[in-house]
Amino acid sequence: MAQKTLLIITDGIGYRKDSDYNAFFHAKKPTYDLMFKTLPYSLIDTHGLSVGLPKGQMGNSEVGHMCIGAGRVLYQDLVKISLSLQNDGLKNNTAFLSAIQKSSVVHLMGLMSDGGVHSHIEHFIALALECEKFHKKVYLHLITDGRDVAPKSALTYLEIMQNICNESIQIATMSGRFYAMDRDNRFERIKLAYNSLMGLTDPTPLSPSEYIQSQYDKNITDEFIMPTCFKNYCGMQDDESFIFINFRNDRAREITSALGQKEFNGFKRQVFKKLHIATMTPYDKNFPYPILFPKESIQNTLAEVVSECNLTQSHIAETEKYAHVTFFINGGVETPFKNENRVLIQSPKVTTYDLKPEMSAKEVTLAVLEQMRLGTDLIIVNFANGDMVGHTGNFEASVKAVEAVDTSLGEILSLAKELNYAMLLTSDHGNCEHMKDENQNPLTNHTAGSVYCFVLGNGIKSIKNGALNNIASSVLKLMGIKAPATMDEPLF
């Protein structure tokens, strides 16, 4: 079966049964029509738990390409942490146990919402209750959201947090994310949040719910709630433990630096306490703190396996998707593997891609044809049109985008047959197959559905339905290479 192989990723072109405002359905696509008649094809899942995202959540290019390249499901932080907590994972979590065993007092801080972008309130609650089992005094430092969730939803989340409060668990401070989660070195904001954590802010006489309402009365929404501390809280003390429950790192670094770094230049701290700090995920490579959920090292990716076989490979895309067919598909590895060639085609310089829906598909295609004629063993290519034009919400332009991709596929398929190349064609997620909602409003987001997968290969008569984690092993099988045990089964 061993053949030189093409892996083609048609970004943003998905499957949808309904034809209304389905750019893929309405496009003139003779190459796709030919493939439907002559090649085995199936449907591939690209969203939700099948790619390591929360149930029902739409896929994206970063996660999609990581999953394709790894050949297995890589659970994203939100899902990985939630699954661990549901299975009592904290019982054996050395970073968590180390942090809480060093003090009778544990401070927990995090974004109080279920937005799932930076944190999740369920994680907040799980850690607080686990600390309570160890007979700790737990202080909650609540960061109000209003950005990833409704602008005035804090009272709803506060009620959930208050349900676990008792003599052991107490709400100590509150701050809008504008202050506690700055990421732009505006340390005057961080200072206000820091001072409340240290008990340097005059405590409000109001209860947490009254305080939120008082901010609303001043037309201040959740994101911008002024940092404060509540009565009976005296600030952090030396040798107490602190765990930041946010799993996204960019907006967690500054306040963590202020709390933990002895050498800190953001602002002059009136008080600096020696805390036993732990973070939910890696926030900064220079932070020395224990990490509850370390980053997973992704090894034995498709590109790595091919490289170890001393075969050649070329990764080709235009600017908009270049990182996806290099860094992301290689498991977060920036440096090319041995015998890995990379081709970057410049995306057109237009304000929005509906002005040029063909984008740089022609130039990308020429690069693919050149690599095929050179006999490159594996060619990975991304066509960005379906996604980037789909994001504009322009249905007519999205139809043209699909047609441009179809033209490119026709040229590649023709040469593949001539040169005996195998081919696997799929998408990282959908987009352009659903361009308007039931009220005729433009849809610009990815879809949470399936995508097509076509295979051209010697002796391949049928392929199974699957998910993106089945792609890498399928490509390796076409190439006659044994897939590593870390990869999931192929589609045929």
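Counting begins at 1 with the first residue displayed.
Any Cβ shown, glycine's included, is placed from N, Cα and C.
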Per Swiss-Prot, D387, H391 bind Mn(2+) 1; matching candidate in H315, H446: H446
Of the candidates D11, D114, D377, D488, the one that Swiss-Prot places in the Mn(2+) 2 site of S61, D428, H429: D11
Fewest Cβ neighbours within 10 Å, where candidates are the binding-site residues R183, R251, H391, H429: R183
Distance, R183 (substrate binding site) to H391 (Mn(2+) 1 binding site) (CA atoms, angstrom): 27
For the recorded positions S61, N249, the one whose C-beta sees the most other C-beta atoms within 10 angstroms: S61
Candidate with the highest Cβ count within 10 Å, taken from the binding-site residues D11, D387, D428: D428
Distance from D387 (Mn(2+) 1 binding site) back to D11 (Mn(2+) 2 binding site), taken between C-alpha atoms, in Å: 5
Residues within 8 Å of the D387, H391, H446 Cβ centre (excluding the Mn(2+) 1 site residues themselves): D11, G12, S61, G386, M388, G390, H429, N431, C432, T444, N445
Length of the line joining the Cα atoms of D148 (substrate binding site) and D428 (Mn(2+) 2 binding site), in Å: 24
Candidates S61, H118, R183, R251 (recorded positions) - the one closest to H429 (Mn(2+) 2 binding site) by CA: S61
